[in-house]
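**Q** Residues annotated as substrate binding site in Swiss-Prot, with sequence analysis given as evidence: ARG41, TYR175, LYS181, ARG302. The ATP binding site annotation in Swiss-Prot covers LYS181, HIS200, GLY216, LEU217, SER218, GLY219, THR220, GLY221, LYS222, THR223, THR224, GLU265, ARG302, THR428. Per Swiss-Prot, the feature Mn(2+) binding site maps to LYS181, HIS200, ASP237; the stated evidence is sequence analysis.
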Amino acid sequence: MSNIYTDLSSAELVEQAISRKEGRMAANGSLVVNTGKRTGRSPMDRFIVQEPSTADAIDWGAINRPFDAEKFDALWDRVEDYISTRDRFVSHLHVGADPEHYLPIKVTTETAWHNLFGRNLFIRPERYNPADKQEWQVMNIPDFVCEPERDGTNSDGAVIINFARRKVLLAGMRYAGEMKKAMFSVQNFLLPEKDVLPMHCSANVGEDGQTCLFFGLSGTGKTTLSADESRFLIGDDEHGWGRGTVFNVEGGCYAKCIDLSQKNEPVIWNAIRFGAIVENVVIDDQDRTPDYTDVSLTENTRCAYPLEHVEKRVLENRAGEPSAIVFLTCDMTGVLPPVSILSKEAAAYHFLSGYTALVGSTEMGSSSKLKSTFSTCFGAPFFPRPAGVYAELLMKRMEEFGSKVYLVNTGWTGGPHGVGKRFSIPVTRAIISAIQSGELADVETEHLEKLNLTVPKELEGVDSVLLNPRNTWADKEAYDAKAQDLIQQFVENFKKFDVSDAIRAAGPSLD
């Protein structure tokens, strides 16, 4: 006889998870789980059902891989049959904190801990679906084994989004990040139709009520820099920007745990307590203390906690439009300056480019080897529409509100990776502080010709030598050669975009 557990509290789900041996309790009160062979996202196993209502609007390719509609229905039924004879957990949650733009979702999971993850990362509304919208169904069944020949999948696991049916199927997937990113992809497709820009960014608000956004790929500092004790957190990863508002798509945070320390990241450290989930972190067998330096299971160790675990947060989970926008890049070549001031055209150029390094990548098969990458919109794996749709919406929003945009390099200085050193968190925090206070909007600047970037000549709390990257290299000719190589990469990557001459001219130039 199977049981259906509906809308259990976090404490009840923790009880269930431990009694079912899904995880162990750590000394800090968090639930520690192991996700098995998949310790990151599996991009080759992610699909979108190809059907008439959305087929023409999706940017099909290596990221948005098509899946047959009939095969989806058959697989969904098969998974439903499998779970119908087993215990399962159901929660009713929202995706999107805006009363107009939320999606109601029914989350069904095979494990208690995946249901707790859903409760931590999605929004637990006071009242479910007050606008009586059509419900989305998310089914996450990690012990179901897909058969590629029969099911049309790529492997034994799959994440499949079906817009026509309003369904998301996760089968054979234990890594919980797939669940949140699948619903982010759904909102990334739906929100632009409503004149809302979906963004892979973190967001916080100062005492002065000014909102600041941080765009960036995994490991560039989105979560760390937005978790600022002097400011109020909106969210750490996914937001929507509509007229008059920036709202969180989520109700929790999914932070990296590698080398986590109370000194450097107190907000995250303190959030890991009872009700939080810690993924793939090794704990001491006796006293159950987590060892955040141990990466024997994966470098992509994670913690998932609800926003209620953050003391200084925006209670409404949304705020006003951003006065400052930060594009975080981790430049492993040591060529880019620590901070640049961007025009709106340059902002569009760098938003489309999404240049960074894959640092502690969240994708399966990624090792600790660093490599440069261009990830459109600073989150290419999650955006189903063509990139231009998002870039145009960004420019529109910036023009209407007058937001200032900055490119901040959290990567290397004084030489490339292996020669130079990485910017320290305190230096980056000093730069962010100058951006948020408005200091950077009114400083003496210089122009770096070939990179086509405007940088400040001096900044309080930052050694002036660091501000022009060429000055930090002992071998200036080596810097020039490295810069030329990086500029070439920018130019080559940007050839694929069909944009105005003004945007193209705002990027680095070989001339």
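Using N, Cα and C of the backbone, Cβ positions are placed for all residues, glycine too.
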**Q** What is the interatomic distance between the Cα atoms of TYR175 (substrate binding site) and SER218 (ATP binding site), given in whole Å?
**A** 16
**Q** What number of additional C-beta atoms lies within 10 angstroms of the C-beta atom of ARG41 (substrate binding site)?
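**A** 24, counting other Cβ atoms within 10 Å of ARG41 (substrate binding site).
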**Q** Per DSSP, THR224 (ATP binding site) is which: helix, strand or coil?
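**A** Assignment for THR224 (ATP binding site) reads helix.
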**Q** May I ask which of the binding-site residues ARG41, LYS181, ASP237, ARG302 is closest to LYS222 (ATP binding site) if we compare their C-alpha atoms?
**A** ASP237
**Q** Which residues in the same chain, at least 6 apart in sequence, have a Cβ under 8 Å from the Cβ of THR224 (ATP binding site)?
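**A** Sequence-distant Cβ neighbours: ASN264, GLU265, ILE268, ILE425.
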**Q** Cα distance, ARG302 (substrate binding site) to SER218 (ATP binding site), nearest Å?
**A** 12
**Q** Tell me the Cβ contacts of ASP237 (Mn(2+) binding site) under 8 Å, same chain only and six or more apart in sequence, or just say none.
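**A** In sequence order, LYS180, PHE184, HIS200, CYS201, SER202, LYS222, THR223, GLU250, CYS253, TYR254 meet the Cβ cut-off.
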**Q** Can you tell me the three-state DSSP label for ASP237 (Mn(2+) binding site)?
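**A** Where ASP237 (Mn(2+) binding site) sits, the three-state DSSP reduction gives coil.
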**Q** Between ARG41 (substrate binding site) and GLY216 (ATP binding site), how many Å separate their Cα atoms?
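**A** Per the Cα atoms, ARG41 (substrate binding site) and GLY216 (ATP binding site) stand 17 Å apart.
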**Q** Roughly how many Å separate the Cα of GLY216 (ATP binding site) from that of LYS181 (substrate binding site), to the nearest whole number?
**A** 15
